[in-house]
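Participant: Have a look at the structure that comes next, please.
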Amino acid sequence: MKIVLVLAGLIALVQSSVVHPPPHVLKTKDVDTVFVERQKKVLSLFQDVDQLNTNDEYYKIGKDYDIEANIDNYTNKKAVEDFLKMYRCGFLPKYNEFSVFHDKLRDEAIALFHLFYYAKDFDTFYKSAAFARVHLNQGQFLYAYYIAIIQRKDTYGIVLPAPYEIYPELFVNIDTTYKMFRTKMQNGLINPEAAVEYGIVKEDNHYVYYSNYSNAITYYNEEQRLAYFTEDIGLNAYYFFFHIHLPFWWTAEKYGNLKERRGEMYHYFYDQLLTRYYFERLTNGLGTIPEFSWYSPVKTGHYPLLTSYYTPFSQRPNFYNVHSEENYEKIRFLDAYENYFVQALQKGVFEGFGQTIYLNDSKANSFVGNYWQDNADLYGEEVTKDYQRSYEIVARQVLGAAPKPFDKYTFMPSALDFYQTSLRDPTFYQLYNRIIGYFNQFKQYLEPHSQEKLHFVGVKVNNVVVDKLVTFFEYYDFDATNTVFLTEEELKTKYPHNLKVRQPRLNHQPFNINIDIKADVATDAVVKIFMGPKYNENGFPITLENDWMKFFEMDWFTHKITPGQNTIVRNSNEFVIFKEDSLPSTELYKLLEKGKVPFDMSEDFGYLPKRLMLPRGTKGGFPFQFVVFVYPFESTTKNLTPYEKFMIDNKPLGYPFDRPVDTSCFKQPNIFFRDVSVYHEGEYHAYEYNVPAYFSHTNKVPKE
C-alpha cells in the first residue's frame with residue numbers, strides 16, 4: 001500500500017504540481033512536399049546513431065554507394081579524391097571517440113565535410129551521408145553531417161535535432177545512463193519501490209528518469225552551486241551550435257560571407273557568454289571569474305561523472321599542477337603566444353602571418369579575434385599547416401588533464417574535448433576569461449565613443465518601466481532513447497521513443513519593458529536593451545569606466561519614431577537572440593505530416609535558450625540594472641545571411657559597450673538606466689528537487 005501511495009504522489013506531482021510559465025503558441029512555418037521529404041531523410045540518419053538499421057532506406061543506399069563511380073556528381077573533384085585517398089588509408093574506426101580537438105581526427109572530419117559540401121545536389125548529398133553513416137565512425141559522421149546541413153544551400157532551413165537527443169550520454173551523468181540501461185536490460189521495472197526511490201517512474205508508454213545535476217563529487221569546490229546553469233542541456237547545445245555555425249577550421253571566404261567580421265563575432269560570443277555566466281556567479285555569491293597561471297596549480301578541479309559507451313572522462317583534482325614535465329613544451333608555447341600579442345600591443349602594430357595590423361584601429365577587432373581563435377582566416381591558404389598551432393586547443397589539452405593519447409585514434413577524453421561538455425568544466429570559463437582579458441587590453445587602445453557619436457538629435461528616452469522579474473525552477477523532459485541499444489526486432493518495428501530524462505531547469509515569467517520616447521523628428525531608430533550588475537561582488541556600485549565589459553546585450557530592434565510621444569512595449573518573448581526549447585523528433589514528425597516545421601528550430605536554432613534569459617534571482621530580489629539605448633538606424637549594405645539578425649547595421653557588435661567608456665559621454669537623453677531586481681520563487685536550489693525527496697517539494701509559483 002505504501003508503494004502505491006508514494007508512486008501515486010510522485011506521478012501526481014510531476015503531472016500537476018510542477019509550475020510552468022504561461023503556455024506559448026508554437027511558431028511554425030509552412031513547407032512544401034519537397035522540403036518534407038528532405039527533412040525526413042535528414043532526420044533518419046540521426047536516429048539510433050550508434051547502430052545500423054539494415055531495414056532502413058539509408059542502409060540500403062549507403063552500403064553499396066560508390067563514391068568514385070559518381071565523382072562527376074561533385075563540384076570539387078579534388079576534394080573527393082582527397083577524401084578517397086584518406087579513406088583507403090584508414091579512417092577513425094567505428095565506436096572510437098571523436099573530438100575535433102585532435103588533429104588527425106579533425107583532418108578526416110574536414111575531408112568528410114568536403115565530400116558532403118561539394119555534392120552537386122541533395123540526392124548526391126544524401127547518398128554520400130548514407131555511405132558515411134554505414135561505413136564511418138558515428139561521431140565523425142555526425143560532426144561533418146551537422147555542419148554540412150547548415151552550410152549547404154539546398155538544406156537551408158532544415159530542422160536539426162537537439163544534440164542532447166542524439167548524444168544523451170554527453171548531457172546527463174552516468175548514474176542516469178546506468179538507470180536507463182538497467183531498465184532496458186530488465187525489460188522494465190522489477191521493483192517499483194526501489195524505482196521510485198531512485199527517481200524512475202513509468203508514465204503512459206514511457207519511462208521517466210530523474211537526473212541530478214552534479215554535486216560536490218564532481219565539483220569539490222564552490223562551483224557546484226552553478227551546476228544548474230553550466231550543465232543546462234540548452235546552454236550546452238547552444239555552444240555546440242555556435243561551433244558548427246563557425247568552425248575554427250572553416251574559411252569564411254570559401255564557405256560564407258563573414259570574413260570581415262568573423263573575429264569580431266568570435267569575441268562577441270565569448271564576451272556575452274562569460275557575462276551571462278558572471279551574472280549567475282553574482283547571484284550565487286561567487287563574484288568574479290577566478291584567474292589562473294600557467295606556472296601555478298589550477299585551484300578548480302573537476303570530476304565529470306560522464307562516460308561515453310567506451311571511455312570514461314578524465315578527472316582533474318583541485319590544485320592541479322599544470323606546470324608538469326609533460327606540459328613544459330605546451331606551456332612554453334602558450335606563454336609565448338600570449339607574450340607575442342602583448343608585445344604587439346605595446347608597439348601598437350602586429351606583424352605576422354603576412355599581415356601588418358595597426359592595433360589602435362577598431363577594424364583590428366576582427367584580426368584580434370582570428371588571432372585568439374587561431375582560425376583558418378588568420379592564415380592564407382598558401383601557409384603550410386606546419387606553421388599553425390592553436391592556442392585554444394593546446395590550452396584545452398593542458399587544462400583537461402587527460403593522459404597522453406595512446407595512439408592517433410585512442411584517447412581518454414576530458415570535458416574540454418567536446419563542445420557538448422566544455423561548459424561543465426569551470427576552467428573553461430577561466431580560460432576564455434583570460435582570452436577576453438587580452439581583448440580588453442587591446443580595446444584600451446581604442447578611442448571611446450564621443451558624445452557626438454552617441455547623441456541622437458531630437459530624441460529623448462523619458463522613462464523605462466520594467467515588470468517584476470521572477471525566476472523559478474521547473475521540470476523539463478527530453479527524449480533520451482538514443483542512450484540505449486535496441487534489438488533488431490525493435491529497430492525493425494520502429495521501437496517507440498520511450499525513455500525520457502527529467503531535470504529541474506531554470507526559467508522565468510515573461511515580462512514587458514515599456515519605453516517612453518519623446519521625439520522632435522520622424523526617424524528610423526535602433527533600440528537596444530542591456531542588462532548589467534548594479535553592485536559588484538563586494539557590494540560596491542559598479543562604474544562604467546571599470547565595468548563596461550559586464551553588460552549583457554538582451555535585445556535589439558528597429559523602430560519608426562514619429563514626432564511627439566512614442567510608447568514602445570517590448571515583451572521578453574520578442575527578444576531577438578533567444579529561442580524556445582527544441583521539440584523532440586517525435587513531435588517534428590507530427591508537424592511534418594501537416595506540412596510545417598518549428599520556426600525557431602529552422603531559423604534560430606543557434607540562439608540562447610529563452611529560459612536562461614535572466615539569472616536566478618533571490619527571495620528578496622537581486623539588484624541589476626537595464627540600459628536602454630536609442631540611436632539612428634543606418635542599414636548595412638552587405639549581405640550577411642544568416643547573420644543579419646546579429647548585424648542589423650555597421651556598428652560594432654555590443655555597441656556602445658564594445659570598448660572602454662567615458663562616463664560623461666553616456667549622460668545622454670537617448671540613454672536611460674533603470675534599476676531592477678530579480679526575484680526567485682519556489683525552491684531556491686535545484687537539488688531541492690532531488691531524489692527521493694523530489695516528490696514532496698513545495699513549489700507554489702502561480703501561473704500568470
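For all residues, glycine too, the Cβ spot is worked out from N, Cα and C.
Pulled these features from Swiss-Prot for this protein:
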- 1-16: signal peptide (SIGNAL)
- N73: N-linked glycosylation site (CARBOHYD)
- N212: N-linked glycosylation site (CARBOHYD)
- N360: N-linked glycosylation site (CARBOHYD)
Participant: For the glycosylation sites N73, N212, N360, work out the Cβ neighbour count at 10 Å and name the residue with the minimum.
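Facilitator: Candidates: the glycosylation sites N73, N212, N360. Fewest Cβ atoms within 10 Å: N360.
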Participant: DSSP on N360 (N-linked glycosylation site), three-state: which is it?
Facilitator: coil
Participant: How many whole Å apart are the CA atoms of N212 (N-linked glycosylation site) and N360 (N-linked glycosylation site)?
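Facilitator: Taking the Cα atoms only, N212 (N-linked glycosylation site) lies 49 Å from N360 (N-linked glycosylation site).
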Participant: What is the separation, in Å, between the Cα atoms of N360 (N-linked glycosylation site) and N73 (N-linked glycosylation site)?
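Facilitator: Distance between the two Cα atoms comes out at 49 Å.
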Participant: Provide the three-state secondary structure of N73 (N-linked glycosylation site) computed with DSSP.
Facilitator: helix
